[in-house]
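Written below as structure tokens is the structure these notes are about.
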Amino acid sequence: MIVLGVDPGLTRCGVGVIEAGAYRRLSFIHVDVVRSDPHESQDLRLLKIYDGLCAKMDEFIPDTVSIERVFAQENRNTVLGTAQAAGMAMLAAAQRGIPVALHTPTESKMAITGNGKAEKIQMERMVARILNLNALPTPADAADALAIAICHALRPSGALEGGEREQHLTPAQRQWAQATQHATRRRGVRRGM
């Protein structure tokens, strides 16, 4: 399974491509950053991001596009641009019939390090280790895109399906799956389900 990870951003949109094989074997394929000029109008910047993402999807033909879920930040303009870039990734994938998965930064950290509050350098080191890279992926947007792709490939309902899935989870993945199930049950209780 080929997973294309996207760390959305209006100025720098990270793109990471990995292959998920049997027994949680992940292989690095590609990493890049699609850039737009902050001095251009927002519509032209979004078009550059969209065109760049379309080109990557056409080149690597992923089975899934995994996008970092956008959360509200203090800077409203930043979150707006980030959300719009995420929308461009979703649109490009939908036009190609590619399934989209959204993952939070906490999910990504939990899947990769076993710690939902891991520091950026811990994430970068684990991404390099998981993908057997000789150096840390740079810039940060590129590393984050690879992390989102890895998160999707390693999640319990990602690349591994059925009985094989449970059998090959790492301790960190088991902990993450249990935490996700617990959080889902708690939300259901609060909503009166």
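Including glycine, each Cβ sits where the backbone N, Cα and C put it.
Per Swiss-Prot, the feature active site maps to D7, E68, D141; the stated evidence is sequence analysis. Annotation comment: Swiss-Prot describes D7, D141 as Mg(2+) 1 binding site, evidence class sequence analysis. The Mg(2+) 2 binding site annotation in Swiss-Prot covers E68. The region 'Disordered' annotation in Swiss-Prot covers 174-193.
All features noted in Swiss-Prot, drawn onto the structure.
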residue: D7; record: active site; Cβ within 10 Å: 29
residue: E68; record: active site; Cβ within 10 Å: 25
residue: D141; record: active site; Cβ within 10 Å: 23
Rounded Cα separation (Å) that holds between E68 (active site) and D7 (active site): 6
Cα-Cα distance linking D7 (active site) and D141 (active site), given in Å to the nearest integer: 6
